[in-house]
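S.K.: I am attaching a structure below and will ask some questions about it afterwards.
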């Protein structure tokens, strides 16, 4: 019986040491980035004037839903269904806007 | 300017910040906090306990007890699988905390090893139940078979390891180290610097949507079926037959044996059932739209139940090896020898008579134990 208590005491100590080690690890821990995914779609379309860009969320990586993430001029992100026609229209609209910006910033006259 | 805007798609109001129907990407900050807590406080305890327990099992087999029966071979293999699992786990935790700085190979290897040992550990427990079924229910038929060939158990173990490796192949192939986040496409002011500060993750990455759908549903499904349902079915059949046979027998130790069998099955179910239910639920709802709060609840459940499943790998030494009287005697011998060694080392003169006594009593107990039939549930 004494050997059992001895065994448990030693394992207790090891556990304590491990906890201590990981507490120190926690203090120096690098903050993990909050990964974000769209899980549902916006019901109401936004005007193109309120949008400044978009991202594509594919299911090939961490996220499990295909979506277009629009970024508004106010700094919000909006999840949109890529199968909806308005979503595709806004994407086209933003592409045109981007092309305009590119032409203007590169200095060539239209 | 907006040639693509139609009147019917106008916003209801201009004040878009308090628009109630906007669907924003879900943040997983709360999940990350819980995950960090589990990874830094709960998993290290599981790893330490699992490491100590399984090391003792392996040491006992390596130093004092030759693997004589099929059960011994299985128990040793379970201990090896569990120890690899609890060694891989802290490395995964470290890598996740520090953005997988060890590179893509470490991502594939650690995740792969983790998966292999998860499968092999559980499948070997099913083998142990099969072995006990043969030993107790089919006792007469299997007596010659069991005593003559250790080869079968080695072959079965090899088959289990190969099967576990095959089931883990998708993990080896499709896990990649990469920076998460959506594919960046078009911005009006395209001066994006967001790709530099996102930490790397080690996760599935696919080339096409078809493989993504197939693997994202296939891998968890195979984990539920091969890593839980099949072993549960085998254990359920084998152990219920064992219990029926034991209750019919007129052995005074039968109640203890039945209790051990029930404990083994109960602990397996308690540890693995919650996670597998959560995983199944998650997989079924995977490619559908859902509320952020719902997804958060599911992720939280999965994180907590996963820790419960991890706990099983440090309970195995207690449930399978140390519960057997045979194994416990060998283990006591180790502890006594270590004790004696320490005593001798520290104060050789004072303890010489004591250690001789101890040694003699140890010899007696070990000799006594070698005569029993080696089933590992006599308490």
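Glycine too: its Cβ is placed from the backbone N, Cα and C atoms.
Annotations for this protein, taken from TrEMBL, read as follows:
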TRANSMEM  B:41-64  transmembrane segment
DOMAIN    B:53-320  domain 'G-protein coupled receptors family 1 profile'
TRANSMEM  B:73-93  transmembrane segment
TRANSMEM  B:113-134  transmembrane segment
TRANSMEM  B:155-175  transmembrane segment
TRANSMEM  B:224-248  transmembrane segment
TRANSMEM  B:260-284  transmembrane segment
TRANSMEM  B:304-327  transmembrane segment
S.K.: Check the transmembrane segment (B:73-93) against each of B:41-64, B:113-134, B:224-248 and return whichever range has the most CB pairs under 8 Å.
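M.R.: Comparing B:41-64, B:113-134, B:224-248 against the transmembrane segment (B:73-93), the winner is B:41-64.
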S.K.: With Cβ-Cβ distances below 8 Å as the criterion, list the same-chain residues six or more beyond the ends of the transmembrane segment (B:260-284) that contact it, or say none.
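M.R.: Same-chain contacts beyond the flanks: 122, 125, 132, 216-217, 220-221, 223-224, 227-229, 231-232, 235-236, 239, 242-243, 246, 298-299, 301-302, 305-306, 308-309, 311-312, 315, 319-320, 323, 377, 379.
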S.K.: Below 8 angstroms Cβ to Cβ, which residues of this chain, lying six or more residues outside the transmembrane segment (B:155-175), approach it?
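M.R.: Long-range Cβ neighbours of the transmembrane segment (B:155-175): 73-74, 77, 107-108, 111-112, 115-120, 123-124, 127, 202-206, 211, 215, 218-219, 222, 226-227.
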